[in-house]
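Participant: Here you go, one structure.
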Amino acid sequence: MKILVDENMPFVEPLFGDLGEIIPVNGRTLTVAQVRDADVLLVRSVTKVNAELLSDNHQLKFVGSATIGTDHVDLAYLGERNIPFSNAPGCNATAVGEFAFIAMLELAQRFDSPLKGKVVGIVGAGNTGTATAKCLQAYGIKVLLNDPIKEKQGDPRSFVSLETIMAQADIISLHVPITRTGEHKTKHLLDEARLTALKPNTWLVNCCRGDVIDNKALVRVKRQRDDLRLVLDVWEGEPTPMPELVPLAEFATPHIAGYSLEGKARGTFMLYQKLCQLLNIAADKSLLDLLPSFNIKAVELATAPDEKALLQLARFVYDLRDDDNMFRNIFLNENGFDTMRKNHRHRREFSALALAYDRQLEVDWLSNLGFSGVGQ
């Protein structure tokens, strides 16, 4: 069995090596000829899977995407051809939630404006939005949720309108899929009018899709409103972001919010489980066996951390400033965006870091944030 796999997908060999011949490929430049004789195709969001790509393949047994979203896959076409498909919903939700939370802590430190006491509006209450809310609520932050689709579906959580979030939230964090048509279209959800209407000193964090914000309008508005603070992990026109927008962001990264080692391992592992199910064979590999031990064994706390100390703990796991600095130095280079994504060092999640502190009740919130070993 020939398994064609994106070269940037981790842990493929230990998971799929027993199932067939693994052929790594560049997902962004994948051709019809390369796919022609594949039995299994494993992709990421950079690969458009459609009739054009699969036109010469008549033996494909499974398409898997190690991603939350599916907008890069023509699901109707796969359905017509009876080709099984699976993605990995929620695989990197924890990573995105922690990234957004860390970014807010970094902004708080940089501008001497504590995160504690602010109101955060989360637009999109799916896997990543929920993970972001979990971090914030663990830290005691008031969260407003906006998700008209989930609200209509009867989700029991309390929701507010986007206009309410714009009026009341100090921070807005975006976590919606890209939808280009319909009642709940998200393309340019934040257009020039809404960007202009943001309350003074709003922090805007985008970890979902670049097209959710009108990037040209964002440049115009930001140039007139220096009070707005931007954290941008996604961009219109990826992998070529607007060169004039990057310098206007307080933190800028190349679509890597979900790039934790745990998240990427989960994505590949979920596809492994699905393929084993389709082939009717036992999935006998373990996710835990894939992950290396963290380079810091444990951190002993003398007191419950304040916000400054919490940021330091977060930086032990992931220092956003490093990726921000690297991206600014590389994004104008040819293939700089993709090169940084490909060579990303796969940060760890909070769960990789064990904390030791005697007074459990004072630090339960650290356990809720995701740190391990607290109070043990």
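In case you wondered, yes, glycine gets a Cβ from its N, Cα and C as well.
In case it helps, Swiss-Prot gives these features for our protein:
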- SER45, THR67, TYR259: substrate binding site (BINDING)
- ASP147, ASP233, GLY258: NAD(+) binding site (BINDING)
- ARG209: active site (ACT_SITE)
- GLU238: active site (ACT_SITE)
- HIS255: active site, proton donor (ACT_SITE)
Participant: From the recorded positions ASP147, ASP233, GLU238, pick the residue whose C-alpha lies nearest to the C-alpha of TYR259 (substrate binding site).
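Facilitator: Among ASP147, ASP233, GLU238, ASP233.
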Participant: Cα-Cα, whole number of Å: GLY258 (NAD(+) binding site) versus SER45 (substrate binding site)?
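Facilitator: Distance between the two Cα atoms comes out at 12 Å.
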Participant: If we count other C-beta atoms within 10 Å, could you say which of the recorded positions ASP147, GLU238 has the fewest?
Facilitator: GLU238
Participant: Around SER45 (substrate binding site), which residues of its chain at least 6 apart sit with Cβ under 8 Å of its Cβ?
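Facilitator: Same-chain residues close to SER45 (substrate binding site) (Cβ under 8 Å, separated by 6 or more) are SER65, THR67, GLY69, HIS72.
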Participant: Whole-number Å distance between the CA of GLU238 (active site) and the CA of HIS255 (active site, proton donor)?
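Facilitator: Per the Cα atoms, GLU238 (active site) and HIS255 (active site, proton donor) stand 9 Å apart.
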Participant: Sequence gap of 6 or more, Cβ distance under 8 Å: name the residues on the same chain that satisfy this around the residue listed as 'active site, proton donor', in order along the sequence.
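Facilitator: The residue listed as 'active site, proton donor' has long-range Cβ partners GLY210, ASP233, VAL234, TRP235, GLU238, PHE337, ARG341.
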Participant: Across the listed substrate-binding residues, SER45, THR67, TYR259, what is the farthest Cα to Cα distance, given in whole Å?
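Facilitator: Farthest Cα pair among residues binding substrate: 13 Å.
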Participant: Pop the Cα-Cα gap between ASP147 (NAD(+) binding site) and ARG209 (active site) into the table, whole Å please.
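Facilitator: ARG209 (active site) and ASP147 (NAD(+) binding site) have their Cα atoms 16 Å apart.
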Participant: In Å, how large is the greatest distance between any two Cα atoms among ASP147, ASP233, GLY258, the listed binders of NAD(+)?
Facilitator: 21
Participant: For the recorded substrate site formed by SER45, THR67, TYR259, which further same-chain residues have Cβ atoms within 8 Å of the site's Cβ center?
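Facilitator: Those within range, site residues removed, are ARG44, ALA66, ILE68, GLY69, ASN92, HIS255, GLY258, GLY267.
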